[in-house]
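Database features, via TrEMBL:
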BINDING   A:9, A:10, A:11, A:12, A:13, A:14, A:15, A:16  NADP(+) binding site
BINDING   A:105  NADPH binding site
BINDING   A:190  L-homoserine binding site
ACT_SITE  A:205  active site, proton donor
DOMAIN    A:350-425  domain 'ACT'
């Protein structure tokens, strides 16, 4: 029986994991697919570099065409990262009718739709489970498991670095800068952490999830992003007092055919399933009209979990090859994109203010809220030691983002408000 | 384009949910499958019964052969329950080359292997996602998502009724009997709750999960079962003091090719992902060698969640029909079954004893443990008001079940031990 031949683009930690899994699971793969699987070529930058896994030297190449143009290769696994050059490699592979498995969220968030349609034109599979939430089979869950449901909301902790940092800050009461430094030393955060802590990595994953879950082309530009760099110990301590846990949450919600996709630090009630997802773990909470609440939990990154997702996709491609049905599973987006306006996005909000500690100020502030129809669920006020100021923490009932932005503007203009220290969205209670 | 025709066996709450979802999602189904879906016939006991959903009277029949023998029907959805008669219906349907979707765990736990092999012989699909954990796409997760991994352990909260009862007992400090009565009044527990509270329902689901996850034919008889009927308020209160949460946990674990499958009340550390799965929710925690820890969370029962899982399977069957690849996806078990002996099952244990409050008794008891190589992680001792007795609560380090059973026997024989009040397995810490 003819073996299926793989070309691997990249041999970093994920690539090495893929090699290892394919070697260690030959029996299981044979049993599932009915023929052997072989890695035929691996594209690397430097053939002479020391590797953590043992690789036959003759498998390595520095010439991408040894894979992309080789008639011997059936499937290309892309774990090299990068966007523009990588996209061109994959287009070439598809034109040469090679199926693709990729773990590249940066690429899929930007060129996903284009690549998927080229794949379909060429009768090729293009699978990308590993690009979102590493080892969690969430895309499969969305496509197959919830196929017959209408998904109205997804909330995800989809970045391990920021979840690690927020967990440590909450549990140890440490400062952001200190925890970030510790995370960098432990290898949980990159030397340049901008993409993680700025929320961009999470935004890419939410764009991929929303595109699939809502059957609508959601671009990275459609995602409103706020990172975790400005979260203070005070914010975390007040959250805890009020019964909330702070998480960097990606939200994708839909009402009729209008959607909102955002990433921002968000307060969740401690009893919410996402609130107990700690450390570097990821989870995606999905609300479907029929099924109600489901959650997928697991490692969001890491060499072996991501490699597992890659090999699962590989098994999917190979099963399709055996059945002769490649290139038919991608479903093109069904709906025209339509984004919610700020007047159509509803949520609760937490806001912390420093105000002059004088008679009538609190009443004036509450009237700014009530003019916009916003009332309060929780109120904390306490005097500050310095400067005759008071600190006020308010949690509103559900209000529109439009109203809330107007309220913030008016608070900002009101001379008795010294500073709006922080504000966060509050999710996961009652109304979806 | 020819519509795909469905025959429905049963029109209870799940059946009605299926009818509703298919009607409400015609557009989405069309988009995914490319042709319309129609329910052609529904087998009911009484054609004249009032229904919660509107159904054309002419769709109803009391004659199963109107579905099983009808050349018009492509797919049979079985949501009528029952085992022996239902099995014969499904065999007949398969012999007539109809694909099957079933939500029937009782049937699949007993006749799953036989039905699956008849399905394969006849080129038919037989999907049964809804039979385990209602709305959670766990079977798909095991088959596809973790296809390339080696699953070494699954722990599941797979029965909503018992999880509801244990959650209420823990949170309110109520007695088992009172909560059960309340659950029955609310419709969360059946009038005869034996199958749920005795652990049998969970055992059936664990047999299905273990068969699939370990690729081995696990029968219901292979599952060791203990229910929740003997859990006392004292046990729950001691658990809490020691930092544990009590859950009815199904465990399926494997070392090399030897497996253990059991269902029993189990103590988990409060930080374990399963510990915060509350009320009627279900979750399955899966440990894979490569991926590490993942968890699938969602509603374990209910008309619409279960119906969603049924319709997702239906979509799977219909996609296969369009591709012409039915009957090829069932993978027959790869390994011979081999069950672990008590000497090969390792775990921590919680035990609560009433002993005579005399000098030397505690030393004698600990020496019984140490003779079997078992040491303690946690110890609590306090005098009891009556009868000059003391209460001792011990949590052991990991020990074999064989040793632990010998220890229990010796404690039982020791005259200073008045009574072994309770004992529970402790899971989810450190070593998998």
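Every residue gets a Cβ built from N, Cα and C, even glycine.
Every protein chain shown contributes to the tally, and the Cβ of residue A:13 (NADP(+) binding site) ends up with 16 other Cβ atoms within 10 Å. Each residue in the domain 'ACT' (A:350-425) gets a DSSP state, and the totals come to 24 helix, 34 strand, 18 coil. In this view, residue A:11 (NADP(+) binding site) is surrounded by 24 other Cβ atoms within 10 Å of its Cβ, with every protein chain counted. The number of other Cβ atoms within 10 Å of the Cβ belonging to the residue listed as 'NADPH binding site', over all protein chains shown, comes to 23. The binding-site residues near the residue listed as 'active site, proton donor', taking a 10 angstroms Cα-Cα threshold over the set A:9, A:10, A:11, A:13, A:14, amount to none. Cβ neighbour count for residue A:10 (NADP(+) binding site) (all protein chains, 10 Å cutoff from its Cβ): 22.
Take the CB of the residue listed as 'active site, proton donor' and look out to 10 A: across all protein chains shown you find 26 other CB atoms.
Averaged over the domain 'ACT' (A:350-425), the predicted model has a pLDDT of 93. Each of the binding-site residues A:12, A:15 was scored by other CB atoms within 10 A of its CB, and the lowest score goes to A:12. Same-chain neighbours of the NADP(+) site beyond A:9, A:10, A:11, A:12, A:13, A:14, A:15, A:16, judged by a C-beta within 8 angstroms of the site's C-beta center, are, in sequence order, A:8, A:17, A:18, A:79, A:80. On the backbone, the CA of residue A:11 (NADP(+) binding site) and the CA of residue A:105 (NADPH binding site) stand 17 Å apart. DSSP classifies residue A:9 (NADP(+) binding site) as strand under the three-state reduction.
Counting only the Cα atoms, the space from residue A:12 (NADP(+) binding site) to the residue listed as 'NADPH binding site' is about 16 angstrom.
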